[in-house]
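Below is one structure, written out as structure tokens; the observations come after it.
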Amino acid sequence: MRALIILGLVLLSVTVQGKIFERCELARTLKKLGLDGYKGVSLANWVCLAKWESGYNTEATNYNPGDESTDYGIFQINSRYWCNNGKTPGAVDACHISCSALLQNNIADAVACAKRVVSDPQGIRAWVAWRNHCQNKDVSQYVKGCGV
């Protein structure tokens, strides 16, 4: 009986772990989900953004004490403007999505919300990590050898 309980706990912990994408795996997935060239943003820029926002980790979160918001998932989408975590004061929820949906291994919801973010006037510049690490840089290395 004890062995079954331990096995159950191990299996439970495996199911809640986030996925850390390999660079090319992410590039292929983002391409399939329609991000390559979306709103004029190249696939390499999206992969660069994900690298510096989350390290390609779907389960990444970052709490921002200044405004009591949290960034979620592979693109670190913020609960102040884009998703609903039920905790952020004055949240907008422009993507009409639960923030927990942005932590799934299947990143379709995260991509859909990222498309919403990049559709705003600020575009890809909404992401600080993109401005700091990808803007005006040769980002071709992020898709090199990926066959995309």
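Along the chain as shown, the residues are counted starting at 1.
Here the Cβ of each residue, glycine as well, is placed from N, Cα and C on the backbone.
Looking at Cys83, Cys95, Cys113, the record from Swiss-Prot puts Cys99 in a disulfide bond with Cys83. Disulfide pairing as given by Swiss-Prot: among Cys113, Cys134, Cys48 connects to Cys134.
Reviewing Cys113, Cys146, the cysteine that Swiss-Prot connects to Cys95 via a disulfide bond turns out to be Cys113. Note: the Cα of Cys113 (disulfide bond) and the Cα of Asp71 (active site) are spaced 13 Å from each other. According to DSSP, Asp71 (active site) is assigned to a strand segment.
A helical conformation is recorded for Cys24 (disulfide bond) in the three-state DSSP classification.
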